[in-house]
């Protein structure tokens, strides 16, 4: 069997006028009794050892549209094709490659193409373009894609706009924008192709995904100068990137430009803008945009409603979120698992756990199967309210629902147990997680280390940290910061200082939080001058002090009776436009009201009185 040759590659408050579209008098229609329609099933593979030519050709045509159910089925068909006399036309081999692409078996498709060449099976433009597309999914085979370009030319095939679009998209997907831009400019300079709107869209999309929005806008503006008219996709890509960069007004201006140029905005355009406006709490503008959708006879889709439900839930306005769901059902747009999960999360955030459970039950009654995230949301809600036993009950219920808890689910439970001091049970849950064959991720490690430190199990925390270090699992400044904090709070300053001083040798750069923790630890141990020196080093490095840094050093100077220094730090903090927090303010007020005759204290009071 030739199949053994192929290797698979797994690859703020809201005004009452906001969103008036969703206010109406009706009973609570939150839940639909009509489940979402099932997708059309794939045509079954015919497991026959003898398949007539016509039947095989029809099978190849069908699978090129949907893909095979299993990779082995595709390889069996390939073996059968090789034995046929006469050999099937190149079109049929192309359909087999297309089926593999549908299955995302890109490395297998490339291996199969290499087999084509060994067996002298003919290849045409479609064959090469398909294989080049497959190569562009992996950085390791991208150079091979360019060698295929040379192979096409040697065979007398002329690469077309599809070929170059694919290569440019491949370079961008592998974070090689400079090479993509160079190839694009070369194509224009030597008139290799006339770039079409797809070419421009490909490059613009790649630039936007790599946070080069300004470059994308420049290219967008040069399109029409070169005779290529942008389409809706072009505008949507730029608008989306601008909204993500919080330049929503610029994005709104582009939509107006679309209308003036006769390019109709799609529901996707409106969804992008609505999401951008919601993130900025611009509810009146959101309502206006929804009204504009109605005027243009563009109906909100499932994603539109989900954006609105999510926006309301995030600011705790679950009743408004509920009204959105009512409206979508009335409009014939049925909620999906994302809608229900978002609504559950909103109820959990506002502490309405009973309402969140109601949503779970209604999902089931309406034919929507809860997923792992549904249970994780509820588990997180219970843990935040210190009802960890209910959260554990839900965890145990998941296998009966046919769901395997994910690492995020276990992380939530473990963190909840540590929060209420049930240290031993947290470890039991962890062992259960590991028995299931799962592995710790960096978030799990942070939760465990933080839980041990905050529950005064500092020796266990040190042992656990050492074990992770020996296993090469630590290369994360947050883990070191957690341990340094725990050591400082447990009066093990020498060890904390030693770890901090060795961060650079481990290739890690302490951030402002790490510095703040050690500065606080030094001040608490009376080592104010050392803390002062550490802050001075921050100011000359790339790690600039923040408001917490100044508040920490001011409190440290007051505790250590360095009142003149405290005045200097307060002035520096004001110069940087930072404010004193509650703890610092309280200490200053206590000092100002105390009956203290120390000259430095009197000077401190006089400065404030002036």
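Quick reminder: no glycine exception, Cβ is built from N, Cα and C everywhere.
These numbers come from a predicted model, not from an experiment.
Over the repeat 'PPR' (124-159) the predicted model carries a mean pLDDT of 89. The repeat 'PPR' annotation in TrEMBL covers 124-159 (among others).
What TrEMBL lists as repeat 'PPR' is 160-195 (among others). Sequence-distant contacts of the repeat 'PPR' (160-195) (same chain, six or more residues past either end, CB-CB distance under 8 Å): 125, 128-129, 132-133, 135-137, 139, 142, 145-146, 149, 152, 202-203, 205-207, 209-210, 212, 226, 228.
What TrEMBL records for 196-230 (among others) is repeat 'PPR'. Here the repeat 'PPR' (196-230) has long-range neighbours at 161, 164-165, 168-169, 171-173, 175, 177, 180-181, 184, 188, 237-238, 240-242, 245, 247, 263, meaning same-chain residues at least 6 beyond its ends whose C-beta is under 8 angstroms from one of its own.
Residues annotated as repeat 'PPR' in TrEMBL: 231-265 (among others). Packing against the repeat 'PPR' (231-265) from elsewhere in the chain are residues 197, 200-201, 204-205, 208, 213, 216-217, 220, 223, 272-273, 275-277, 279-280, 282, 285, 296, 298: each is 6 or more residues past its ends and has a CB under 8 Å from a CB in it.
Marked as repeat 'PPR' by TrEMBL: 266-300 (among others).
Positions annotated as repeat 'PPR' by TrEMBL: 301-335 (among others). According to DSSP, the repeat 'PPR' (301-335) comprises 26 helix, 0 strand, 9 coil.
If you look up TrEMBL, you'll see 336-370 (among others) marked as repeat 'PPR'.
Remote same-chain partners of the repeat 'PPR' (371-405), defined as residues 6 or more beyond its termini with a Cβ less than 8 Å from a stretch Cβ, comprise 337, 340-341, 344-345, 347-349, 351, 353, 356-357, 360, 363, 412-413, 415-417, 419-420, 422, 429, 433, 436. The repeat 'PPR' annotation in TrEMBL covers 371-405 (among others).
Positions annotated as repeat 'PPR' by TrEMBL: 406-440 (among others). Outside the repeat 'PPR' (406-440) by six or more residues, the chain places 372, 375-376, 379-380, 382-384, 386, 388, 391-392, 395, 398, 447-448, 450-452, 454-455, 457, 473 with a CB less than 8 A from a CB of the stretch.
Taken through DSSP, the repeat 'PPR' (441-475) splits into 26 helix, 0 strand, 9 coil. Taken from TrEMBL, the feature repeat 'PPR' applies to 441-475 (among others).
Sequence-distant contacts of the repeat 'PPR' (476-510) (same chain, six or more residues past either end, CB-CB distance under 8 Å): 442, 445-446, 449-450, 452-454, 456, 458, 461-462, 465, 468, 517-518, 520-522, 524-525, 527, 543. Per TrEMBL, the feature repeat 'PPR' maps to 476-510 (among others).
Among the features that TrEMBL reports, repeat 'PPR' is placed at 511-545 (among others). DSSP labels the residues of the repeat 'PPR' (511-545) in these numbers: 25 helix, 0 strand, 10 coil.
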For this session: Would you mind listing the long-range same-chain contacts of the repeat 'PPR' (511-545), meaning Cβ under 8 Å and 6+ residues beyond its ends?
Result: 477, 480-481, 484-485, 487-489, 491, 493, 496-497, 500, 503, 552-553, 555-557, 559-560, 562, 565, 576
Exercise. Taking residues 6+ outside the repeat 'PPR' (124-159), which of them lie with a CB under 8 Å of any CB in it?
Worked result: 9, 11, 90, 93-94, 97-98, 100-101, 106-107, 109-110, 113, 116, 166-167, 169-171, 173-174, 176, 192-193
